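Here the structure is laid out as structure tokens; the discussion comes afterwards.
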């Protein structure tokens with residue numbers, strides 16, 4: 001489908017640069033109104049974001065904040081480069097979509113106690129801890145993070161920045177797909193505390209599909225209590241540790257690969273109880289898996305099967321497709 005679109009644009013370009021721009025804008029608007037079709041965010045009625053509402057384009061922090069926090073369904077297209085120091089509270093029924101080449105620097109997005117949110121094709125970086133995570137999902141349902149580029153700053157102190165993508169407080173029906181997480185101390189936390197079992201147990205159903213983790217120190221991801229499916233992920237040049245399975249989490253890791261990583265690829269640490277993992281066609285790249293085998297299997301997942309690329313294809317494929325590539 002994308003190949004056809006690219007060929008069509010190439011043909012038009014010969015005749016009219018203006019038509020090319022218009023065609024690209026139209027393609028972006030179509031993609032911005034697509035609903036989630038992969039993983040856990042297809043459950044519970046699905047995830048459509050702001051598709052039922054109007055579409056607006058924003059070019060500055062004030063307009064982005066106003067649109068994201070509004071109470072009506074809305075598709076928000078981010079154009080250009082937005083910089084600032086802020087924590088935006090995203091309301092329900094929102095799609096926030098980045099145009100190709102757009103970026104957001106220093107601004108965190110807080111998705112708390114809402115539902116039906118899509119964050120797509122966004123490049124977000126250098127969010128200081130005072131502004132939360134680059135994307136924080138807290139006590140929310142039906143959230144899709146797709147084709148995002150999330151980064152930090154390894155030259156900063158470990159606690160100067162928080163997570164790139166944290167999912168906490170019994171959040172449900174979340175998919176993270178085609179996303180590039182890189183150059184950061186703490187990438188992605190599922191379940192924030194060992195003491196939160198009463199709230200988190202039975203929740204935190206999350207899919208990580210087709211993601212690229214590069215130059216990350218830890219939490220790639222770190223999982224407490226949740227039910228998490230990881231498929232077609234690539235970890236390259238991790239600085240510390242990989243997938244931490246903790247506090248009775250049930251994890252299924254399929255069709256994935258590690259490269260140039262330290263010893264602990266799939267492991268348990270820093271909690272009272274271990275988590276569990278079923279590991280199927282994963283190239284550990286010389287690293288290790290020390291987690292007890294779990295019970296989560298592909299046949300037990302409630303959504304349509306995600307095509308497994310095969311561990312041998314991951315290193316060549318995922319870096320080319322993950323990130324702000326729409």
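Glycine residues also receive a Cβ, built from the backbone N, Cα and C atoms like all the rest.
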(request) Select one of 133, 138, 194: the residue that Swiss-Prot places in the Ca(2+) site alongside 162, 166. (result) 133
(request) Report the residues of the chain - excluding 133, 162, 166 - with C-beta within 8 Å of the mean position of the site's C-beta atoms, for the recorded Ca(2+) site, in sequence order. (result) 108, 132, 134, 135, 136, 163, 164, 165, 186, 189
(request) Determine, to the nearest whole angstrom, how far the Cα atom of residue 166 (Ca(2+) binding site) is from the Cα atom of residue 219 (active site). (result) 10
(message) Counting other Cβ atoms within 10 Å of each residue's Cβ, which of the binding-site residues 133, 162 comes out lowest?
(response) 162
(message) Just to verify a number: CA distance, residue 133 (Ca(2+) binding site) to residue 219 (active site), in angstrom, no decimals.
(response) 13
(message) Give me the CA-CA distance between residue 162 (Ca(2+) binding site) and residue 219 (active site), in Å, as a whole number.
(response) 11
